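If you look up TrEMBL, you'll see 337-425 marked as domain 'Sensor histidine kinase NatK-like C-terminal'. Per TrEMBL, transmembrane segment is recorded for 6-25, 34-53, 59-87, 117-141, 153-173, 193-216.
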Amino acid sequence: MDGLDIFNVYIMGSIEMLTVFHFFTRFLKKKVKFIYYILFAFLGMTIMMFFPTGSIMELLVYVLLLMAGGFFICRTYNIFVGLYAVVMIEIMHLCYGVFNSISCILSPLFFQENPKAVSVLFMVMSSILALVTSVLCYQVINKNFSYDENVRAKYVLLILIPTLVIFLVSEYISSNIYGHTITIQADGSLPSISPFPLLFIQILGIASLFCIMFAYKKLVDSFKLSRELSLLELEKHSLNQYVEEAKVRYEKTKAFRHDVKNHISIVKELVQNGDIDTALQYMSDMENLTADMSFPVSTNNPVLDILIGNKLGIAKSNQIEVQCSFISPYPCGIADIDFCIIFSNALDNAISACNRVPHDNQKYIHITGKVQGDFLLIEIINSHSGRGSIRSGTGLANIKAVAEKYHGAMEVRIDGDIFVLSVLLIIPQQSESISQQIC
């Protein structure tokens, strides 16, 4: 193996693999140690020893290697890993194919001057330009087509299938019709099969990939918009409930205020007549009457009073003990809809978990909150069956999105038969400083 082969296979090959792995981890929004870069490059170079360069099998193995890196190094367990792996490898290979075809077209124009020097120059230049173009493509994708773990797998599958078709068709044409090497005659003439159609196919493949990624972006935007609309509907429903319940309690308060003089007169007369027991019983009835005029939960936030009150009412109907000592810093820079997202999803999960607890075990939901400076810590503790592991569903994903929106964090843990959800939020000084879009 001469120096040119060493440069083309090992040096440029290693740089390609490190570049692919770097942007792959960026797409997945993960940071990995440098040792994993070395490991990936080593495994990639090892693959070259067993598969023909540029073959479909070699590229498929590279895709599987990237997917393994996504699963075991980046700890990302969804179909996005497969989509990004295919896109990464396909863009790199198509870019190299484009510049190899351009090199094949242009090199005969200078071939007779110094054939060997021209071949080396065009090989090096095409490799460097292909790598730079790949990096630019990765930058565009990373900037405009971000990873969102909340997008449903079936939507990603709609994008993955046509991407795979482009990948396999372009590689089949390149491998079986044109082959992996292009031979230029001694007089500098082009081979019998013109490279122009292949160049067109490769450029069309790159353009098709970006069209697919653009469609994916529109799909993700549509998914986010649909989710935001559903959350707005939830807030609207909570506000409507609050208004209706407030009207009922207002009418009760109005009636009580109208009769309060009569109540006082009756109690006064009972006391004057020495009928203390009856007076005390009458006052107790009045106390129960006033209790019906207030909301069952008082959090200092009228929207949360209704939401939590309704959820805890459902819990009580399921024989679940409930406690709420949460006091909201109201008004504050945290939007009501974000509070609703946290508590509605958390309490739905808590009620569902309590319903799976055996009947002879205690069922409970405790809601607490603590404000310290600009930090708000919300904790929801509920009984748990103790079986199974923590599964991150849509509810927890939405809560995590709200926590990250306010530069906070979410933590869940199971301690025996106790499930604890902790949400830390940073209370903004100005609500306008927080983006209204949940990423």
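Don't overthink the numbers, they just go from 1 along the chain as shown.
Note that Cβ sites are derived from N, Cα and C of the backbone, with glycine treated the same way.
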Should anything in the same chain at least six residues away from the transmembrane segment (117-141) have a Cβ under 8 Å from its Cβ atoms, list it; otherwise answer none.
4, 7-8, 12, 15-16, 19, 23, 27, 87-88, 91-92, 95-96, 98-100, 102-103, 106-107, 110-111, 206, 210, 213
Restricting to the same chain and to residues at least six past its boundaries, which positions have a Cβ under 8 Å from a Cβ of the transmembrane segment (59-87)?
20-21, 24-25, 27-28, 30, 32, 36, 40, 43-44, 47, 51, 93, 141, 147, 149, 151, 153, 156-157, 159-160, 163-164, 167, 171, 209, 213
Report the mean pLDDT of the predicted model across the domain 'Sensor histidine kinase NatK-like C-terminal' (337-425), rounded to a whole number.
87
Tertiary contacts of the transmembrane segment (6-25) (same chain, 6+ residues out, Cβ under 8 Å):
31-32, 36-37, 40-41, 44-45, 48, 53, 62, 66, 69-70, 73-74, 84-85, 88-89, 92, 123-124, 127, 131, 134-135, 138, 142
Going by DSSP, how much of the domain 'Sensor histidine kinase NatK-like C-terminal' (337-425) is helix, how much is strand and how much is coil, in residues?
31 helix, 33 strand, 25 coil
What residues elsewhere in the chain lie close to the transmembrane segment (153-173), defined as a C-beta under 8 angstroms and at least 6 residues from its ends?
56, 59, 78-80, 82-83, 86-87, 89-90, 93-94, 97, 198, 201-202, 205, 208-209, 212-213, 215-216, 219-220, 223
